[in-house]
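Pulled from Swiss-Prot:
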- ASP81, ASP123, LYS124, GLU489: Mg(2+) binding site (BINDING)
- CYS122, CYS193: [2Fe-2S] cluster binding site (BINDING)
- LYS124: N6-carboxylysine (MOD_RES)
- SER515: active site, proton acceptor (ACT_SITE)
Amino acid sequence: MPDYRSKTSTQGRNMAGARALWRATGMKDEDFKKPIIAIANSFTQFVPGHVHLKDLGQLVAREIERAGGVAKEFNTIAVDDGIAMGHDGMLYSLPSREIIADAVEYMVNAHCADAIVCISNCDKITPGMLMAALRLNIPVIFVSGGPMEAGKTKLASHGLDLVDAMVIAADSSASDEKVAEYERSACPTCGSCSGMFTANSMNCLTEALGLALPGNGSTLATHADREQLFLTAGRTIVELCKRYYGENDESVLPRSIANFKAFENAMMLDIAMGGSTNTILHLLAAAQEGEVEFDLRDIDRLSRKVPQLCKVAPNIQKYHMEDVHRAGGIFSILGSLARGGLLHTDLPTVHSRSMEEAIAKWDITQTDDEAVHTFFKAGPAGIPTQTAFSQSTRWETLDDDRENGCIRSFEHAYSQEGGLAVLYGNIALDGCVVKTAGVDESIHVFEGNAKIFESQDSAVRGILADEVKAGDIVIIRYEGPKGGPGMQEMLYPTSYLKSKGLGKACALLTDGRFSGGTSGLSIGHASPEAAAGGAIGLVRDGDKVLIDIPNRSINLLVSDEELAERRVEQDKKGWKPAEVRPRKVTTALKAYALLATSADKGAVRNKAMLEGL
């Protein structure tokens, strides 16, 4: 049987000093024989998705101690992408993922913790903690803060979210009063932004990976039902410890649960629900940390056979996360994938012996369990609040309409090909990514003239100054992991194109990335990035570019000979922006850039550079 890791600091005469310090934290004699379970919280008052997490770590801690464990809580940082967006703050967002992963590793290994409860929610926090969990490979469970309620206003016939506020603000025809009303209404409660943006996408994927409880991705932050997820997580992590340390059951370890097949399940879910393209970046990074050979070619393969079974804002205005929950949440989508013969159902999870068993219990179309049906009726109260578990509103009925509802069956899919696609071509030899769920079918094949911008800032200025015309393909380069550094999100350029009426008349290609709130023909993650010698750095104003989503291709319509000549010329100049950018790149960001790989590798550190150290 494996020993508790914590035995290193709790047992033996030589550890008297360490035990003295443990006692100063409140531990007693009997506690030194129990598993020490780390609670990695991410509470901060900077982020609406985390503002309500302050007391939830102790809620979990009390449940852990009731179940026979010792709980010790610590905090990580959390960056709000929406607040950091549109200025140099966005340079820090993706690098914060690595800092979070390192922080969890540092705390857990420094104190020899036996297991982890990860309390995450927003964009980089769940991925960072997931990377750490797979590095450490000790029992873990994820429980997130949950999505916020969609906004409501008499000025709109649909639920609102952050993107609506951004788009209306960029619309010069909208009055100041209307903009103010949207601003006040778009984000009414605590929780991660209400659409299928990056945060909610990742929290849903933890369910598919088998590392979180059913409902983790869809139960509203404000709803009383979410409290039970935290309490159950506390009990479950102690049970996982007993199985691993007491029974030598390695099937409960994260690398046993989140194996190659589980990553395929998670990616199939992402494609089926039209999730954020950022999830591709984060899944690739997590796979590397878990030593799972899952790469962009696997994602390309899956994208060709998985239909889109769910459509949520920003891909459609009608539905938000509260509607996904009402339709049965993630296990209803997984159930549809299973019945379509795609899902791997023989895999264990932290809560069930197999995914098949979990679907039978939690898919509302497969179970008659009234408690499960009641759980998925949890809905919004429409009351602005920053308090978790503060309301208990329920829908009168479930949305189990698989023909016209939020979640569809295979036979009635929104589209037979899923919501994400990987494109390859001479402009992106290692691939680039587009969220097809947000692209109008009329522009799935698009040929246009390149309009070059050397930064997101210059692109925003150009779009607002009407320099971009219908038929243009906006190229924003040197914004990759290394070139930015930090791989900024491009939500403002896409929002402004939309507000200018160019959402279906233009495309955008970048080696940066996009917010989960992005829609339109927006192609990101171009790899290799410009700063790494990628061909996106060779494009010139007026060059023709052909995008062909059905054939998964994107090509610069320039001869190989011309490209070779341009490469020789660029090698002499150096792979850097053609214009000076007024951007302060600190030592911390330079350190990140030094080791950063391109997006096709998940933008993780280049471990080859560290070998031998």
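Keep in mind that glycine also has a Cβ here, set from the backbone N, Cα and C atoms.
This view paints the features noted in Swiss-Prot onto the structure.
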{"residue": "ASP81", "record": "Mg(2+) binding site", "DSSP class": "helix"}
{"residue": "CYS122", "record": "[2Fe-2S] cluster binding site", "DSSP class": "coil"}
{"residue": "CYS193", "record": "[2Fe-2S] cluster binding site", "DSSP class": "coil"}
{"residue": "GLU489", "record": "Mg(2+) binding site", "DSSP class": "strand"}
{"residue": "SER515", "record": "active site, proton acceptor", "DSSP class": "coil"}
Exercise. If you take the centroid of the Cβ atoms of ASP81, ASP123, LYS124, GLU489, the listed Mg(2+) site, which other residues of that chain have their Cβ within 8 Å of it?
Worked result: VAL79, ALA84, SER93, LEU94, CYS122, THR198, ALA199, ASN278, SER515
For this session: Could you tally the C-beta atoms, other than its own, that fall within 10 angstroms of the C-beta of ASP123 (Mg(2+) binding site)?
Result: 34
For this session: Between LYS124 (Mg(2+) binding site) and SER515 (active site, proton acceptor), find the distance joining the two CA atoms and give it rounded to the nearest Å.
Result: 12
Exercise. How far is it from ASP81 (Mg(2+) binding site) to SER515 (active site, proton acceptor), counting Cα to Cα, in Å?
Worked result: 8
Seminar exercise, completed: Neighbouring CB atoms within 10 angstroms of the CB of SER515 (active site, proton acceptor), all protein chains considered, total 28
Exercise. How big is the gap, in Å, between the Cα of ASP123 (Mg(2+) binding site) and that of SER515 (active site, proton acceptor), rounded to a whole number?
Worked result: 9
Exercise. By a simple count of other Cβ atoms within 10 Å, which of CYS122, CYS193, the binding-site residues in the record, is least packed?
Worked result: CYS122
Seminar exercise, completed: CB neighbours within 10 A of LYS124 (Mg(2+) binding site), counting all protein chains shown, number 30
Problem set entry | Distance from GLU489 (Mg(2+) binding site) back to CYS122 ([2Fe-2S] cluster binding site), taken between C-alpha atoms, in Å | 15
Seminar exercise, completed: GLU489 (Mg(2+) binding site) and the residue listed as 'active site, proton acceptor', compared by Cα position, are separated in whole Å by 5
For this session: To the nearest whole angstrom, state the Cα distance for the pair CYS193 ([2Fe-2S] cluster binding site) and SER515 (active site, proton acceptor).
Result: 11
Exercise. Around ASP81 (Mg(2+) binding site), how many other CB atoms lie within 10 A of its CB?
Worked result: 29
